[in-house]
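If you look up TrEMBL, you'll see 46-113 marked as domain 'P-type ATPase N-terminal'. The transmembrane segment annotation in TrEMBL covers 88-106, 112-129, 308-329, 364-385, 927-944, 956-976, 1006-1028, 1040-1067, 1074-1093, 1113-1133. The domain 'P-type ATPase C-terminal' annotation in TrEMBL covers 892-1142.
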Amino acid sequence: MAPKDRNRDGKKKKLHFSKIYSFRCGRGGFKEDHGSIGGPGFSRVVYCNEPADFEAGLRNYPGNYVKSTKYTVASFFPKALFEQFRRVANFYFLVVGTLAFTPLAPYSAVSAIIPLIIVIGASMVKEGIEDWRRQQQDMEVNNRKVKVHHGDGLFQNTEWKNLRVGDIVKVEKDEFFPADLLLLSSSYDDAVCYVETMNLDGETNLKLKQGLEVTSFMNEDVNYKDFKALVKCEDPNANLYTFVGSMEFEEQQHPLSPQQLLLRDSKLRNTDYIYGSVIFTGHDTKVIQNSTDPPSKRSKIEKKMDKIIYFLFGVLFTIAFVGSIYFGIVTKKDLDKGHNRWYLRPDSAKIFFDPKRAPAAATYHFLTALMLYSYLIPISLYVSIEIVKVLQSMFINQDIHMYYEETDKPAHARTSNLNEELGQVDTILSDKTGTLTCNSMEFIKCSVAGTAYGRGVTEVERAMAKRNGSPLMVNGKDVVEDSPKSATKSSIKGYNFDDERIADSNWVNELHADVIQKFCRLLAVCHTAIPEMDEETGKVSYEAESPDEAAFVIAARELGFEFYRRTQTTVSVNELDTSSGKKIEREYKLLNVLEFNSTRKRMSVIVKDEEGKILLLSKGADSVMFGRLGKNGREFEDQTREHVNEYADAGLRTLLLAYRVLSEEEYKIFNEKFLEAKNLVTADREALIDEVTETIEQDLILLGATAVEDKLQPGVPECIDKLAQAGIKLWVLTGDKMETAINIGFACSLLRQGMKQIIITLETPEIIALEKGDDKNAIAKASRQSVIQQITEGKAQVRSSSEAFALIIDGKSLAYALEDDTKNLFLELAISCASVICCRSSPKQKALVTRLVKDGTKKTTLAIGDGANDVGMLQEADIGIGISGVEGMQAVMSSDVAIAQFRFLERLLLVHGHWCYRRISSMICYFFYKNVTFGFTVFLYEAYASFSAQPAYNDWFLTLYNIFFTSLPVIALGVFDQDVSARFCLKFPMLYQEGVQNLLFSWRRIIGWMLNGVCSAVIIFFLCTKALDPQAFNKNGKVAGFAVLGTTMYTCVVWVVNCQMALAVSYFTLIQHIFIWGGIALWYLFLLAYGAITPKYSSTAYKLFIEALAPAPAFWIVTIFVVISALIPYFCYNAIQMRFFPMYHGMIQWIRREGRSDDPEYCNMVRQRSIRPTTVGFTARSMARTNPLDGRKQNHR
């Protein structure tokens, strides 16, 4: 039964949680925390229940409307245009388009400006659609409804966007808070409520909040008819965990703290309703103050593409400059006798060909040439890449192999900017809990009264047995790993305990049955969980602050001690009565809860049982609990300590359980001090509470220890193995202690037997001795020297051996290793090790390590995590991957790609990453090839025409080349091409290294494609000109004119670049056939249609195809001959490379084409290139164990 239970008369039971928890009920004097109210930064004044008051209106606070869009209707065009013209290529084409309206233009202005309008328009449409989607999300949030007080005690549904500061709102169970609210009262009589902050910090555990005592009675609508209060508090800020203010109510001042503040986007749980006053609205709320724009990330390929554009600009300016100088020199000589350019009429020329003003003519020619050669720069490159990336992201999102059925979550590429970066990852930095593991705790073992219980086998124990080559031993007995019993798994979530000695009430027959009874009782009573009973099935489920705590309550229930009700100050448990053998109901009066925090590392409850005994029940970390045991409570200490160490070695999380009996007098003295401390309003309140609890949590009697397992996610070892074979390094950054992290490392094959461990820690006797003193400078100096010495020794070890090393460093040492004068030394050691594990890392340290690896190696880094503590790391890395697990959506919302399980990373990188990298690389190289081919034919013709700025082609031929005749095949290449199938990508992971080493987008390859373009242009130009001039072109004896030559060259260019695409494609689809051959067919159809238009518009193309080209056999023969000739150089180069110097993907293609994909020996030979002595993963481990010497020789071939 949940705490919202009611009595039979319908009245709520009065639950005064403030009496038992250590939070303060809202009363007390003003101390140092509230002395600054009214000063700078603390000037906000809120008139509660009077939002329309004249003085409230003068404050001019923002409304609750939230906007995340980049544009408004008015700002869209100017801002979007500015974004587009920030790209240097687009700005260049804008300048060229503007110059096209001057007499300098070698073509019509319309033909120059239309491609720019199409490209810019397409990009702006994409921007507009994305912003429209953001607006739809904003509308959904802003139009949510909440009950607001409209006077006379009446509450009406109102949209969130209409809320004002000072409004009184009523929020009901499972609803989100619409703004930052001051909690006034709740369905509980002492104004407490439970809040889930998943959207704020990613945590799913519930937080307890409490309103002021003076407003706690106001839990009916009618109470707010005449309610008035004045709140003075801090100004809007981003700190989620502080709030300083005061409330003037009934002429009394009452201090406010974070305990009374309910933050926007958190959710009300396990509470029927709350009333609150709006304090911060809209963009003033703390969650939106925290929402910074994610860092702008651009892929390395995109950055390199900018450099290629600049390079082509350099080529363009150079040839324009050289041509203009030549033109100026020749123009000056035009009046000399014997000069041939009589047709330019130099004697009557104006500016452009005037020999008397040759320098001016050369200058004007330079500007004309800049426009004419603009076709070297691919105008549609950026928009084509954006289209391709969006389509690639859709394929990632729809990949059924990355869909997790259990949570109904597919992969989600949240940005398409980084698709190709997924194929270039050198280092992965991973969180552990919730990322490598499930963050779903299971009670699996326990030690009670010095006896170990639980026959379950953890994944870490299996891994340990494998690496030791010994059989599995549990409680001194062999376990057959493949036996049905070892394979069985409990169907109860959180419970995987198997031991017939204490299950099914058999514990009563054990030697220390009384201790087992107290142990189980403690599990059932010492917690803050809330029971919820399903009315249909009668089963009890629990809402707990952590997965560990839920596992303990479930374990108690399964062992016969069912916690089923929490009332005002009692906990009710159904437990076995040893005398009668029947289940009886026992009620424990809950006097105090001493809460867990990271400093105390324990939690306790003080209860009074039915016999009147006052008991202190405590559970906590072994590091603090062993020292709190009394002399008479250490009977089982040695055995328990031994069991705890064994559990830690098995990768389990352990807690000690202990208790003591308190006398009435002792409790009375403690309670007076405890109440006094918790009702203070001072900065050191928490320290004073800890001081009081410290005195009572002494002289404990040890009962035993619990061990819960945070299981590895399915497929993690296999995924790590594949990533290691792909040459990707994996670093684990975790907040866990070193022993647990090391054992998880062995379980997931990140570490292996025989791998030498370099452990950097400050847990040395010298440092520990110094820490007992107070000289912080001496501690820091000694710690720094110790870390530097350990790193230096580690580097020497690595240099002197060819073995694989693992680096393991704790949080304290990491703080010094990341200092400016040490970090490069640390990085050098880390990158020379096969695996790196950073333990006890803070969120800030995770982000700093990520930045160090990214900046230090200059290679692509990927961070993967699932919690709010991983956000800094995800945003700092080149690529952030969020796991949509049980720790909320904070990591996902800050990520670039979201996946549901770590194992999906294998397919995301090795398949989609490789494909996207290859597709984008090939696409860009091909783009530059086709533009260089086209641009150089224009240049060669202009040179042929004595640099007279005469274009080789009709204006509209120039315009439509990049838009219609060659653009669609390249988009199809970027979306559909596969050099290797998904199965082969996974079978031969080393293929991934082509992206890491950037083999497909190196300067050599880019320049190679450009030279291929130059070669094609030279062949097309010279073969066409020599074949058509001066021979007769048709049967009437006419020679080919300018129009015939230009159109024939253009036809050859369209054929050559599309056939080149056909040669470059590895994986043909119907769409690619349609686009490639359709592009060529479209050219002929266009030539027919355009030629049919009046000569006023078609100019040189008027009836050209029908009357001149089609009837002439020379046109068709020249086209075929030129196309074959232009493709021969690439075909020969490709054939020689594939036969004698194949790249890794070429070798795999040979395997597929020769039908040797099922030949294990041949495939293994190719795959062996992936395995190196430093590689981690179980494949490398098994090789190192079976034949280390042969493996090493093979890997050094």
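Numbering starts at 1 and runs along the chain as displayed.
Every residue, even glycine, has its Cβ placed from backbone N, Cα and C.
On the 0 to 100 pLDDT scale, the domain 'P-type ATPase C-terminal' (892-1142) averages 90 in this prediction.
Counting same-chain residues at least six beyond the ends of the transmembrane segment (1074-1093), those with a Cβ under 8 angstroms from any Cβ of the stretch are 956, 960, 964-966, 968-969, 971-972, 1047, 1050-1051, 1054-1055, 1058, 1061-1062, 1101-1106, 1109.
Remark: the transmembrane segment (112-129) contacts the transmembrane segment (364-385), by the rule of 3 or more CB pairs under 8 A.
Under the criterion of 3 or more C-beta pairs below 8 Å, with sequence separation of 6 or more, the transmembrane segment (1113-1133) and the transmembrane segment (1006-1028) qualify as touching.
Within its own chain, the transmembrane segment (956-976) has Cβ neighbours under 8 Å at 107, 111-112, 114-115, 118, 375, 378-380, 384-385, 387-388, 391-392, 395, 919-920, 922-923, 926-927, 930-931, 934, 938, 1046-1047, 1050, 1053-1054, 1057-1058, 1061, 1064-1065, 1067, 1069, 1071-1072, 1075-1076, 1078-1080, 1082-1083, 1086, 1090, 1101, counting only residues six or more beyond its boundaries. Residue counts for the domain 'P-type ATPase N-terminal' (46-113) under DSSP, helix first, then strand, then coil, are 33 helix, 3 strand, 32 coil. Most Cβ pairs within less than 8 Å of the transmembrane segment (88-106), among stretches 308-329, 364-385, 1006-1028, 1040-1067, belong to 364-385. Between the transmembrane segment (1006-1028) and the transmembrane segment (364-385) there are fewer than 3 Cβ pairs closer than 8 Å, counting only pairs 6 or more residues apart in sequence, which means the two stretches are not in contact.
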